[in-house]
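Worksheet for the structure shown next.
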């Protein structure tokens with residue numbers, strides 16, 4: 001839970017394209033700032049090489065966390081209703097740092113922007129490097145700088161979305177902060193939660209972060225172009241994925257070579273066709 005990981009800061013939105021207002025908003029967690037972190041540590045009677053330490057939050061921390069999440073869930077449902085009314089397919093991309101979120105989104109925008117106008121909300125602790133990169137690829141990108149907060153929240157997404165002309169896009173991608181723990185807990189109002197892990201992270205990644213992979217509708221196994229170079233065992237990886245996340249659609253992809261992307265795009269097109277009408281120019285209706 002994020003109230004136990006030291007998250008507390010001011011979040012700001014920096015944006016270009018469709019400028020409305022100053023593009024900054026303050027976001028703080030008073031509960032995060034004011035509560036001490038109490039942990040109950042496990043038994044240390046075993047030898048150092050055998051110790052497993054279990055850390056459990058106290059009741060006060062649990063109550064605070066439940067309150068934070070309850071508020072976030074209400075705001076996420078509000079986001080979801082708003083996005084659905086606009087006919088938007090909204091995706092929340094989660095991964096560890098360096099798994100290739102930005103590269104994949106950049107490739108998607110380059111391939112699909114003409115037929116599927118796309119905006120991106122980018123979450124990072126600092127800098128707007130990824131947002132600038134995506135703008136160069138043709139995306140409308142809004143940067144949310146979270147400071148010490150290691151995830152995006154529904155309120156941040158709502159404020160960032162206010163900077164976008166949602167009537168002229170049909171897909172919204174949320175690139176979450178690179179982290180496979182805290183973002184899992186926070187619903188942002190998305191239609192699809194897309195979890196990425198790269199071949200460089202090891203076949204057991206899903207076993208180490210089961211909650212994240214269990215929460216995904218889609219899993220993208222990225223950087224397939226270097227799978228052989230890192231001796232990636234695809235069969236073992238798929239076995240682990242199916243064990244942890246049998247509900248998810250899985251695609252093996254490479255942003256560099258384009259491997260697997262057509263199947264991923266077809267999945268998105270089919271999903272959007274089933275749930276929303278395609279974006280139609282009113283002049284042609």
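The backbone N, Cα and C atoms fix where each Cβ goes, glycine too.
The annotation Ni(2+) 1 binding site is assigned in Swiss-Prot to 2, 5, 7 on the grounds of similarity to another entry. Taken from Swiss-Prot, the feature Ni(2+) 2 binding site covers 150, 151, 182, and the record attributes it to similarity to another entry. Per Swiss-Prot, Zn(2+) binding site is recorded for 150, 151, 182, and the stated evidence type is similarity to another entry. Look at Swiss-Prot and you will find 27-36 tagged as compositional bias 'Basic and acidic residues'. Look at Swiss-Prot and you will find 44-54 tagged as compositional bias 'Polar residues'. Positions annotated as region 'Disordered' by Swiss-Prot: 16-54. For 90-251, the entry in Swiss-Prot reads region 'G-domain'.
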Over the region 'G-domain' (90-251), what is the model's mean pLDDT?
-> 96
Check residue 182 (Ni(2+) 2 binding site) against DSSP and tell me helix, strand or coil, would you?
-> helix
In terms of DSSP three-state secondary structure, what is the assignment for residue 150 (Ni(2+) 2 binding site)?
-> coil
